[in-house]
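Remarks on the structure that follows.
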Amino acid sequence: MLAVTAAFMPRFAFAQDAATTDAATTEATTSEATLDPAEAADGSTEEAAPGAGAYTPMKPTPGKGMPVAGGIGFQDQYSEDGEFALWMHDSILLPLITAISLFVLGLLLWVVMKFRRGANPTPSKTTHNTLIEVVWTLVPVLILVAIAIPSITLLARQYEVPPKDAVTIKVTGYQWYWGYTYPDNGGFEVISNMLTEEEAAARGEPHQLAVDNRMVVPAGVPLRIQTTGADVIHSFAVPSLWFKIDAVPGRVNERLLVIDEPGVYYGQCSELCGARHAYMPITVEALPMAQYRAWVLAQGGSFGDEADSDEEVDAAPLQQPESAIEGAPGAGAPPVGTAATTA
């Protein structure tokens, strides 16, 4: 029983147990991990002025990019595909479904009352009605056409090829955490693990959705999201961005994503991938381009327009979370040769 219970405990419970072997070391590591990247870059504790090239993690907006208690509908959408899908649902599918359901229910009640035995001692001998047969053939056809046109449009939009200048981000699913690689910016990788309930509350983020290191992207520009799996099949899904794509070992899938506005958007792995499948959430932070550039530089990354520059950039490497340290029970092992930052 103890073995079975341990197998299904959250990953971070094991990681914390392993980390408590040295309280002083743990406290120091935690302090470093919570350092603002801008502070780590120059050793200063002063808050950088806006526009000075500093990156500050964005606080989530309650109800934006996340599920809400008691919600039964779609989340608000922050991509063009999501907005189109939400319009299609609210303006076409829901009215049609409601009208058809009410019509069928009313028809059933009418038939029950009109054709009951007491009201019809002599059964009708009618065999067919040409007009009714034409109507119940044409109306469903028209309904299906009304649904098919926007459906095909939405499907086609979801398979648009990213433009050549799209920002490429490679998403790798591990058991049971995510890795985000930025090949256009030096190839550094960010390892992302779920926060404990206490850590999430301290940051003002939703429990079981908050992570230590977010997937940071620029808002309002085309993104080329590539996914793969390191071990088993995972699925990268962010409902408020209308984005879901499988991460399959040995294969790279690719989709275009454009996020309308800056914000924090939450998702989860949507493919059963093992005992701790429920503990690998996704947090996407979309930033204005200037702040995104500052974040990339803070991770030790670079941009194509700076490749030929001899100017050195002081940048702090991303702190690798204890929960992603190789050998921590239940944390999963980082990919071979992977460092938190690659210059």
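The count begins at 1 with the first shown residue.
Cβ coordinates are placed from backbone N, Cα and C, and glycine is handled just like the others.
Features as listed in TrEMBL:
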- 23-34: compositional bias 'Low complexity' (COMPBIAS)
- 305-314: compositional bias 'Acidic residues' (COMPBIAS)
- 327-343: compositional bias 'Low complexity' (COMPBIAS)
- 66-162: domain 'Cytochrome oxidase subunit II transmembrane region profile' (DOMAIN)
- 164-298: domain 'Cytochrome oxidase subunit II copper A binding' (DOMAIN)
- 23-60: region 'Disordered' (REGION)
- 303-343: region 'Disordered' (REGION)
- 1-15: signal peptide (SIGNAL)
- 92-113: transmembrane segment (TRANSMEM)
- 134-156: transmembrane segment (TRANSMEM)
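Helix, strand and coil counts under DSSP for the domain 'Cytochrome oxidase subunit II transmembrane region profile' (66-162) come to 67 helix, 1 strand, 29 coil. Counting only same-chain residues 6+ beyond the ends of the transmembrane segment (92-113), those with a CB under 8 A from a CB of the stretch are 119, 143, 146-147, 150. Taking H, G and I as helix, E and B as strand and the rest as coil, DSSP gives the domain 'Cytochrome oxidase subunit II copper A binding' (164-298) the counts 26 helix, 63 strand, 46 coil.
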